[in-house]
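If you check Swiss-Prot, you get these features:
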- Arg49, Arg74, Arg212, Lys312, Arg314: NADP(+) binding site (BINDING)
- Asp77, Glu80, Asp81: Mg(2+) binding site (BINDING)
- 388-408: transmembrane segment (TRANSMEM)
Amino acid sequence: MGTLRAILKNPDDLYPLIKLKLAARHAEKQIPPEPHWGFCYLMLQKVSRSFALVIQQLPVELRDAVCIFYLVLRALDTVEDDTSIPTDVKVPILISFHQHVYDREWHFACGTKEYKVLMDQFHHVSTAFLELGKLYQQAIEDITMRMGAGMAKFICKEVETTDDYDEYCHYVAGLVGLGLSKLFHASGKEDLASDSLSNSMGLFLQKTNIIRDYLEDINEVPKCRMFWPREIWSKYVNKLEDLKYEENSVKAVQCLNDMVTNALSHVEDCLTYMFNLHDPAIFRFCAIPQVMAIGTLAMCYDNIEVFRGVVKMRRGLTAKVIDRTKTMADVYGAFFDFSCMLKSKVNNNDPNATKTLKRLDAILKTCRDSGTLNKRKSYIIRNEPNYSPVLIVVIFIILAIILAQLFGSRS
């Protein structure tokens, strides 16, 4: 019902939503027949439906490499995230994880739900990994080794300073950016991007996730996960978990805005990285998550709901981003729109307002200087839908018929 209400409020979401639904069903039918590859692509859909859709942009050989890269790192992340594993057991596994990808027999019981299945049947991932080209294997092994070592370091170390924060995000996400750049280069479709730009691509996504997932991480049992740097949150509260309490709402929002401002420092590097891409499929694969990230930050900024539940873009807006992010002009336009949205929420009384506005103005200037803003229509933000009630009813009926056909064909 929530989706239907959102469509009635935003009728122009309908077409992108239908396209997204059809694309998802198409992706489900593209599962390879080989058992190990079938497992990998099915598992990809279970652990990240959005990534499973975005990866379809890539040619088959590169798609396979990126799929395995993602699952290997997701498995590594599952070990790191499982707070029930004793430190003396977890650290050696993280450090040696890169060796296990060559072992068809290795598995490790941890995680929950689909992540437990991934870990229990990791031999399928190893089997698929061993069928990749050597350059792909070397890139995946190298990044997995470096990431595992970095994760192990922060198992025993808190994120105290913003430098620690950048270092942690480098290990768990910046290295993903470096690895993807290596895979793109190994495919022969892209020049090798600089480490600094690749790192920023990962940091921007990771910091967005850390901001959005505050409540989930702080409520993790048996032990909470704390990724917000003490250097930032200690300016507002005595303990990180204090941010979720209603009596600290004003300070919590100020701290949140500080975190968002920190994340915005990576945007210009991300725009440069995407501008330098040549292959249209790789471009879409990289650009869609970045647009989703700036959109998510715009939703989270100055929003107390981050400390009450999950804040994310509505499904129709997500569908628009996936459908309409095709060129660099689209990216500049989306970043411009979401930055304007974010800027409109900045309160001059916020302690970081000046810094936030400075970073947003720099992003807006980069988008304007591209000279492309007048060449595309803004699909991302619409103030009020200009539709008559009759048209809305007609759209609702059409949607009901289409959804009935889509779901009816399954039975």
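Cβ atoms here come from the backbone N, Cα and C positions, even for glycine.
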TODO: Give the maximum pairwise CA distance in Å, whole number, for the residues Arg49, Arg74, Arg212, Lys312, Arg314 listed as binding NADP(+).
DONE: 25
- [ ] Provide the three-state secondary structure of Arg314 (NADP(+) binding site) computed with DSSP.
- [x] coil
Task: Arg212 (NADP(+) binding site) to Glu80 (Mg(2+) binding site) - Cα separation in whole Å - done: 19
Task: Chain-internal residues, separated by at least six, CB under 8 A from Arg49 (NADP(+) binding site) - done: Ala24
Task: Count of other CB atoms lying within 10 Å of the CB belonging to Asp81 (Mg(2+) binding site) - done: 17
TODO: Determine the Cβ neighbour count for Asp77 (Mg(2+) binding site): the number of other Cβ atoms within 10 Å of its Cβ.
DONE: 16
TODO: Count the Cβ atoms, other than its own, that fall within 10 Å of the Cβ of Arg74 (NADP(+) binding site), considering every protein chain shown.
DONE: 21
Open item on the list: Whole-number answer please: how many Å between the C-alpha atoms of Arg74 (NADP(+) binding site) and Glu80 (Mg(2+) binding site)?
Closed with: 10
- [ ] For the recorded Mg(2+) site formed by Asp77, Glu80, Asp81, name the remaining residues of the chain with Cβ within 8 Å of the site's Cβ center, in chain order.
- [x] Leu76, Thr78, Val79, Asp82, Met151, Val172
- [ ] State which of the following binding-site residues has the fewest other Cβ atoms within 10 Å around its Cβ: Arg212, Lys312, Arg314.
- [x] Lys312
- [ ] Give the helix, strand or coil assignment DSSP yields for Arg49 (NADP(+) binding site).
- [x] helix
TODO: Round to the nearest Å and give the CA-to-CA distance linking Asp81 (Mg(2+) binding site) with Lys312 (NADP(+) binding site).
DONE: 22
